[in-house]
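Here the structure is laid out as structure tokens; the discussion comes afterwards.
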Amino acid sequence: MIQTADSKALRRKKIPVSQWILAIVLFLGSFIMIVPFLWMLVTSFDWGARLNITFPPKIWPEEPSIRTYEVAFTNIKMFRYIINSIIVSAGVIVVSSLSALLSGYALSKLRFKGASLVLLLALSTMMIPFEMTMIPQYLLFSKLGLLDNYLAFYLPALNYAFGTFLAKAFIDQLPSSLREAAILDGAGEFTVFGRVYLPLCTPIIATMIILLFLGVWNEMLWPLLVLKNAAKYTIQIGLAMFTYNNGINQQPSIIMAATAVSLIPVVVVYMFLQRYIIESIALSGIKQ
Amino acid sequence: MILSNEMNADKKMTPKRKKWFTRNDWTGYLFSAPLIIGVLAFAIYPMFAALFISFHQTSGLSLNGKWVGLSNYRYALEDPVFWQALTNTFLMGVLSVVLGIVLSFVLASLINNLKWNFGKNFFKAVYFLPNVVSAVATSLLFSFLFFPSKEGLLNFVLSWFGVHHPIGWFTNPEVSRYSIVLMSLWGALGYNTIIFLAGLQSVPRDLYEAAEVDGAGGYKKWLHITIPYLRPIFVFMLIMGTIGGMKRFTDVWLIGGTAGNPGGSLMTVVLYIYRNAFLASQMGLATAASYLLFIIILVLTAVMMLLNRRKDSLD
């Protein structure tokens, strides 16, 4: 309200010089943020940059072509990697958010014996760095014969303590009388959870999906450990191993084409859900 | 506390039934079972397993080896590579955290003072965009932008300003760590900015109004109201940034390989752990190093929290 009144007042009056300076400074800064993306796009369409980067840097490709993308898709199995990443992300999202919602509901509304202990235990494990537990986890999955198996992603996804925390805090704000009324009507606990509370949890589910998707899509270290078969690679590890094996700084336009493709899903999601994402990040930052 | 209170209440109200574990409790544990299993199997168990392995001399993938006491820890602490890794990690971490916080706070203040709503949202979105880009994509992109010859974009731009000797951003061991800091600033700036913006909007307006009555200008208000009010956010970012910085791996691995090239300047602690565990099959040494990392992170976090508290008591 105050904001709109302000901007209306601004339109009628003259815009102060300080506001102009502010906008120009911010615009120049955002140019620095965007230039790497522009360079990536220009280079990715430049057949002339398939072996070496062009000099001087171009604003428009020297030899505009989409052959770079064809080569990227045949040399690097981008399509396969993207499908794999989608499968892994979807599985992790389902497992993690269900685990978080179920436990968040129980901790908030059931008040069972030891509930606060469970919450405290789960939250304190968030302090344990993954880099410390990754070696035993790797050994565990290799012993179970689950390397190159996506269960190596789905099973650890059960441990989503931060999601539990978010879900509990959200369900705490929903009235308990809904549960009591439904139980008096003879509903079981699962029905109460699934039919009454779950539909009310959509905002927090959306937040969890966004945070989990961005996390899993960009994850690199765990896939590097558990995925050995190139057919199973997720997008990050596929891209990383291609450049790792061929040497970084080789074939600029091919690598940039592949990188651009790897960014499409996140950037599309970002464009459509930009507001949600920024809110989720701010929320998760403040809650932590 | 809650647990014992509930137990007492149970005893008083239903002394005859003595149902210690009710149906409700069972349902609660049933619902929490996925979380509890996940936490036990993928956090608690591996934490103790790592401790167990770190006291053993292991070969290959087997968990059982010869008990060697603390000698893995001693080896790591006497290994110059470990110290080099620690120094590098620390240098890059501190620089990117401090620069990142200062820059993003200034940026957030600028955006917050903009009275043009469309511009506000636009700049928020643009500055945040690099944050959704993976570390792999960022590293690949910057390996070209920071190309060490005059063909590289950054060297080309610098040549307009009279720097005609191309800088070996990722090839000169003196420079490479700072190049990583620059790269991670580009990626992480937006995240801090968003959180600062949320904080800036939460500063109560009457504080500013009171200061205006006292005759404080924009700069004074910023210095004496905004910054002290946001101190918890500064501390939060310092802690999260330091923890994140101590875990640096993907970018240095992709740019410098497992040797942390050039000249070991990009060797980090996690790279050291990875290299020993998965290339040298020295699981004992690697887990010992990972415990050292854990202890360092805990100590740093505790120190920062204490500093915050001491400032509190001074106020």
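For all residues, glycine too, the Cβ spot is worked out from N, Cα and C.
What TrEMBL records for B:86-304 is domain 'ABC transmembrane type-1'.
Sequence-distant contacts of the transmembrane segment (B:26-53), counting only residues of its own chain at least 6 positions beyond either end whose CB sits under 8 Å from a CB of the stretch, comprise 63, 65, 283-284, 287, 290-291. The feature transmembrane segment is assigned by TrEMBL to B:26-53 (among others).
Tertiary proximity for the transmembrane segment (B:90-114) is limited to same-chain residues at least six positions away from its ends with a CB under 8 Å from its CB atoms, namely 120, 123-124, 127, 177-178, 180-181, 184-185, 188-193, 196-197, 199-201, 222, 226, 230, 234, 237-238, 241-242, 244-246, 248, 268. The transmembrane segment annotation in TrEMBL covers B:90-114 (among others).
The annotation transmembrane segment is assigned in TrEMBL to B:126-147 (among others). Distant neighbours of the transmembrane segment (B:126-147): 107, 111, 153-155, 169-170, 179, 183, 186-191, 193-194, 250-251, 254-255; these residues of the same chain sit at least 6 beyond its ends, with a Cβ under 8 Å from one of its Cβ atoms.
Annotation source TrEMBL lists transmembrane segment at B:153-171 (among others).
Among the features that TrEMBL reports, transmembrane segment is placed at B:178-202 (among others).
Within the chain carrying the transmembrane segment (B:222-240), a Cβ under 8 angstroms from the stretch's Cβ atoms is held by residues 97, 100-101, 105, 109, 192, 195-196, 199-200, 203, 207-208, 211, 216, 301, 304-305, 308, 311, all 6 or more beyond its ends. What TrEMBL lists as transmembrane segment is B:222-240 (among others).
According to TrEMBL, the feature transmembrane segment maps to B:252-274 (among others).
The transmembrane segment feature in TrEMBL is assigned to B:286-307 (among others). Non-local neighbours of the transmembrane segment (B:286-307) in the same chain are 50-51, 53-54, 72-73, 75-77, 82, 86, 235, 238-239, 242-243, 246-247, 269-270, 272-274, 276-277; each lies 6+ residues outside the stretch with a CB under 8 Å from one of its CB atoms.
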